[in-house]
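Copied over from TrEMBL, here are the features:
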DOMAIN    30-161  domain 'Anaphase-promoting complex subunit 5 N-terminal'
DOMAIN    258-357  domain 'Anaphase-promoting complex subunit 5'
DOMAIN    456-498  domain 'Anaphase-promoting complex subunit 5'
DOMAIN    596-653  domain 'Anaphase-promoting complex subunit 5'
REGION    187-208  region 'Disordered'
Amino acid sequence: MASVHESLYFNPMMTNGVVHANVFGIKDWVTPYKISVLVLLDEMTISKRMTLLERRRLNKLILPLQQGPDLTLRHFLKTVEECSAETAFAVKLRLHMMVVGELKDMESFFDTLPNPFSDAESEASKTSVVGLFMRHMLLAYNKLSFSQVYKLYTALQRYYDDCLGSQPGPPTAPPVDADMELSEMELTSTEDGAEGKMDKEDDEAPRRCPLSQKQAEYFLARQAYLLKNDENKALKPAALQEELNNMLKFNPDFAEAHYLSYLNSMRVQDVFISTHSLLHYFDRLILTGGDGKSNGDEGYGRSLRYAALNLAALHCRFGHYQQAELALQEAIRIAQESNDHVCLQHCLSWLYTLEQMKGSDSSVLTEDSVKMAAHFGLPYLASLGIQSLVQQGATGGKAANMLMDALKDTDILHWKHSLSELIDISLAQTTSIWRMYGKSTMALQCAQVLLNMNSLEQVDFGVQQNNTEAFAVVLCHLAELHAEQGLFGASSEILKHLKERFPPHTQHAKLWMLCDLKIQFERAMNDGKYHLAEPHVAAIAALDQMEGLYRKGLVMKAQNQTTDAYRVLQRLQLLCEKTKCTEMIIRVMLTTAELHWESSGFSTALPLLLQALVLARQHHLQALASETILHLAFSQLMLGVPEQALNILHEAMEPILAHGALLDKGRALLLVAKCQMAVSGGREDRRTGLEQAVQTLDEAAAYFSRMGCKDRLRDTHYLQARLHHALGHTAQRNECALLFRMVDQELPPARYGLPDG
């Protein structure tokens, strides 16, 4: 289930989706790269041969080129060439003439730059983005001494020679395409592609000098936004940390760089660097505070209380509950002294989250938080509280209609206040709840609603907001649901898409890693290749301890290590009772009952199965309740009451056939066939009963075949052969016997008559 508190922390760099940064003491200066940008801007201003398409493409590049980090000349010209080959050639030619000439050629270039300012309607007017950049460069250039100008010129020569020095003589003009007719669709797609490539080249370009103020602001804004909305497009953790370290070398008091370092360290769960960076951020923020007030909304008093709150959030994420509680108490104390109700509400939200993480009942705290957030007009916190209550209600056994009504109310709140991020989380929560209740059809519908929402459109920096945790959770549900229906190709495609959208270094990658491992484990177990399933257990345990222990028990049971499997399952049950994980408790009970079957303890398994059925029905877990009924029916069949087993099977068949996985459908039909065989043994219409069992087995075999479940397919073919022999169908008997023989040779020896688990 998606974590509703993923974004519940005070981010001082974000205000209404805009990141603010300030690099203290770093001014703009002229570099060879910026001279290249000036040449491009000047060429765009004076050129009359540029087409509308080329001009629109280049206009989209102006701001990233000005504010982004310095590119190599090769990258710069390649980017321009993709928009306008003629303009790229003109820029290259002017740079070549400047480099092979003398210092006075560069002086002459800067002398001609003020000319566009005379025309107020020009693109380079003094109030435009281009004009302001030119003015900044002119002011910075005019402040240079003669020796500095000479160093700049020699740097420009090296800049040119490093990339194009191997090409003697002036550059060759590109071929000119006289016919240029493009549709509006082509125009839009080309613009988007050019911007995406520009962003990628910015990330890959080497840093050769400290960033200016504008460049640092743009870099921090872009990376912080990408970390929040599309981590895949942000720099990798190591590369981003290297850039931040370089930035802090030139300005150690750059507070926002420390905060971005904190966010970056949280991606890789580095507790030391994240704590270090967070403390440094607030230290610098307090030292550079203007008025020095200890109370009120301004000054270092506000910084202190939010510093303690962020520290508490950090410890919560790493599971340091005692330290988190101490930090929260400090934040609450300072917020109460300052009468800061907003900070107190954030503290209360983290307080009930902390209690939830510790396994305590936090419903009263959560309800109080929702009421106070609504009172102070904080819809974001109110919605998070309601969704947290829904989570607690789902795990506590609340009925689905009550939870869906609560989520409907939060959706109204989201749309009213345009809280798009919470809309995504709400849909992901709904998908998870339906899946937990065993309603796979409803889960699929909710997942499709999220994936096809019109609000998931491109926003700043070419980012799609669907690259969030909610999107990853829904895609993982889809992958598992497709795998349950035997659509392994479609499941693999979804996982491939997840791997591309959330690479291993991103913070949400563990979701698809766990999903992928679980699917591979199930396939290996169904195929009877337990030696292939065993290595997955350790990998699953590294991501989820309870899932790892459960699958360790399954492998041991399959390998006939009954005693060891029982110990592992008992250890897991104690752990689940502490964390109140009802779903896993029921699974453990069912697997333990199967262990009792191994020693023919069918009557011993009944109390355990009845207890599991009560738990499943109390918590409205329909899928687990149906599976428990299957286990009860099998126990009754083996105890000699097939009529009773067949009666209770009818109760479970409808939800299994409507919402169950193919494996569950096949198991249910196989058990029905066994009951039909047993019931028809002493009846006059025995032949009719056996024919019905044959039809049921044919349907079960089709399900097992689609799932690649060879173990159960072998049992099915065995029973089919026996039934056809009893009915006198020699050809069908021989065919089923051959199929049985082929499957049996691929699997370890079977123990016929034992449970179908």
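Every residue gets a Cβ built from N, Cα and C, even glycine.
Automatic, uncurated: that is what TrEMBL annotation is.
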Within the domain 'Anaphase-promoting complex subunit 5 N-terminal' (30-161), residues counted as helix, strand or coil by DSSP: 102 helix, 0 strand, 30 coil
Tally of DSSP helical, extended and coil residues in the domain 'Anaphase-promoting complex subunit 5' (258-357): 80 helix, 0 strand, 20 coil
Secondary structure content, the domain 'Anaphase-promoting complex subunit 5' (596-653) (per DSSP, counts of residues): 49 helix, 0 strand, 9 coil
Stretch-averaged pLDDT - the domain 'Anaphase-promoting complex subunit 5' (456-498): 82
